[in-house]
Amino acid sequence: MKTKTYRFVCLVASVLTLQLMNGSSAATPPPPPNSKNSSTSCNRTCGGISIPFPFGIGGKDCYLNGWYEVVCNATTSGSSGTTVPFLSRINREVVNISLPEGNNEQYGVVHIKGPVTSLGCSSNTSQVPQKSLPDLNVTGKGSPYFITDENRLVAVGCGTKALMTDIESEILGCESSCKDSKSSQEVTNLLCDGYKCCQARIPVERPQAVGVNIESSGGDGCKVAFLSSKRYSPSNVTIPEQFHAGGYVVVELGWYFATTDSRFRNPLGCINLTYSGSYLSGDSCLCEYGYFSEMSYRNCYCSLGFTGNPYLRGGCIDNDDCKGPNICEEGTCVNVPGGYRCDPKPKIIKPAKPLVLQGVLLGLMGLLFLVVGTLGLIIFIKKRRRIISSRKFFKRNGGLLLKQQLTTTNDGNVDMSRLFSSEELKKATDNFSVKRVLGKGSQGTVYKGMMVDGKIIAVKRSKVVDEDKLEKFINEIILLSQINHRNIVKLIGCCLETEVPILVYEYIPNGDMFKRLHDESDDYAMTWEVRLRIAIEIAGALTYMHSAASFPIYHRDIKTTNILLDEKYGAKVSDFGTSRSVTIDQTHLTTMVAGTFGYMDPEYFLSSQYTDKSDVYSFGVVLVELITGEKPLSRIRSEEGRGLATHFLEAMKENRVIDIIDIRIKEESKLDQLMAVAKLARKCLSRKGIKRPNMREASLELERIRSSPEDLEAHIENDDEEDQVMEISRE
């Protein structure tokens, strides 16, 4: 509640008149400060905070007197070049400055940073209260400041007793407790009612100095007390540590435009104040004149319909009141100084109706038929073009080649009725929105989609196809049509009538294994048991491709990014863009080298002959990733061991493989079991393909490792001397 502004009654006006008449011969009334200079040549912002006159930064013409001087200092924290404003006379950082606004706010407001008094919050055990800043004191000759009743004394913590000091009239305070009971102190903030927090009002006489003292009334822990503005009160006031760490709170100071000379006749911006203290009407601003603490003061504010700074000449600017909605419902709004008026709208005389409308109606009907016919023709042409384009794209995207492959394939299982239209897939993927992207690969981009029936799908949109890549796309369709295995991604259908070919797969929700292994932000860390199961499932899928499918299929790009994980973290082998099938009697393929560095078989790289053992080598790298949790290529490792396979083989050779085991599984895994898998990985990474096991042997070995841990040591001891690994205990 703000204090009323007292105005002069006749007796006070008479006394002032006598004083002015007696003093007119002795002294000349002082001129008003140069408000013009203060507005044109002075900096009016500091650190993003507006500094309105009578406050100012710079020379003496920029502010009324020393009480209103603001210094713009560089801050010691935060980003370089940041500045903060300080009130020079009281040496406090300014948070906000506002001018009086009409009759409802009869003084201006300055928000400053105030101190926090704490007890038991620092590392030392001293029970002496600590203050982040000195107590607030705005006293002094000519001081226009006072502490408003918008502030509250607040105590936070268990058993915290806070008292206001430096107030002569009374002793005020409050006490908080951790017992769930209501405080007897009158409060208005229901979040601070005595439980862990209490508050007390500031006395209404507007003191200029208030100190805060804190005492412990029982209980340990951090306790704080402070004076704070209700406007800047935090939402959670039950945690004392956050106030102690912050080091300050915001305090509201009221200020008057004060002067000690009652002969100060004219205000800075308003010229309507009379000699006796009353004011005239009709100007852009108003001023009030009275007494407070035996000091004459004057507050000015812009009149209704004006905004700005009344302490500057011409500082109050007329508002355009006609910008508001529905100002004049039945007329035209005209802005006038300080308000607006509503002028009646001119009457509109409607033209007389034509006597003959037949010609106009006939013309409109003819135009309508012409428009309808034109639109129908345009629709027909567009539909025809779409059909031609669809046929063209179907042919260009390998539709004819696909039909030819299907007719020459002994066991083709592709259901040609599962061809999707482009409109279906656009609707399912929100027109292939970037928000739907699941991943990008060498062959194209994969989107998440949802069909009309609610089924979730993965849509692989190939890159712009040229003749060289067309065979790879058709090859992937043919290969996936021949595969029926629970650990291999299932092909649902395809779309060939778009500019770029599209494949539709079953949706695998948990993404690829590479991200789950190497993304540190992933909350789920795969256990050794899960990793071993994934390895067995991958081995089973590759065994099926190599020996159980209609034709042996070599994947040619086995890596963790091409291994997806379903909702139960089951493995699904994907991305068959570079895969090749061979006849039963073929032992290898001679092709251009394709694959991913870090996973590529060195024997294949040198000879360009890809065999089933090349897939085994890539599988060995995946096993090492599961064991170590490291990436296949890393700049962190030495130049010689930058590749994970080389790094792992050196560790096996030096009997220190235990040192490179993933720390996330090191403690919970069975060491004998893990070492047996490491030995299998070493065999898969043999430089010569003939020394590597085939995928069926690797799959059976992994099954044996999981199901028969008692036989592991015997198998390890029976290895060749070259591959032997010493037993390494956790100790």
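Positions of Cβ are set from backbone N, Cα and C atoms, glycine also.
Computed from a predicted structure; not experimentally measured.
Between the stretches 227-284, 285-342, 459-516, 633-690, Swiss-Prot puts its region 'Atypical EGF-like' entry on 285-342.
Of Asn22, Asn96, the one with N-linked glycosylation site in Swiss-Prot is Asn96, while the others lack that note in the record, though it may still apply to them.
Looking up Asn43, Asn431 in Swiss-Prot for N-linked glycosylation site, the annotated residue turns out to be Asn43. Within the set 111-133, 709-731, the record from Swiss-Prot flags 709-731 under the feature region 'Disordered'. When Cα-Cα distances from Leu438 (ATP binding site) are compared across the disulfide-bonded residues Cys287, Cys300, Cys322, Cys342, the shortest belongs to Cys322. The recorded positions shown are Cys322, Cys328, Cys333, Cys342, Thr596; of these, the one with its CA atom nearest the CA of Gly444 (ATP binding site) is Thr596.
Note: the CA-CA distance between Cys322 (disulfide bond) and Cys328 (disulfide bond) rounds to 9 Å. DSSP assigns Cys322 (disulfide bond) to a helix in the three-state reduction. In the three-state DSSP scheme, Cys328 (disulfide bond) falls into the coil class. For the pair Thr596 (phosphothreonine) and Cys328 (disulfide bond), the Cα-Cα distance reads 73 Å.
Listed recorded positions near Cys342 (disulfide bond): Cys333 (candidates Cys333, Lys440, Val446; Cα-Cα distance within 10 Å). Ranking the recorded positions Cys287, Cys333, Leu438 by how many Cβ atoms sit within 10 Å of each one's Cβ puts Cys287 at the top.
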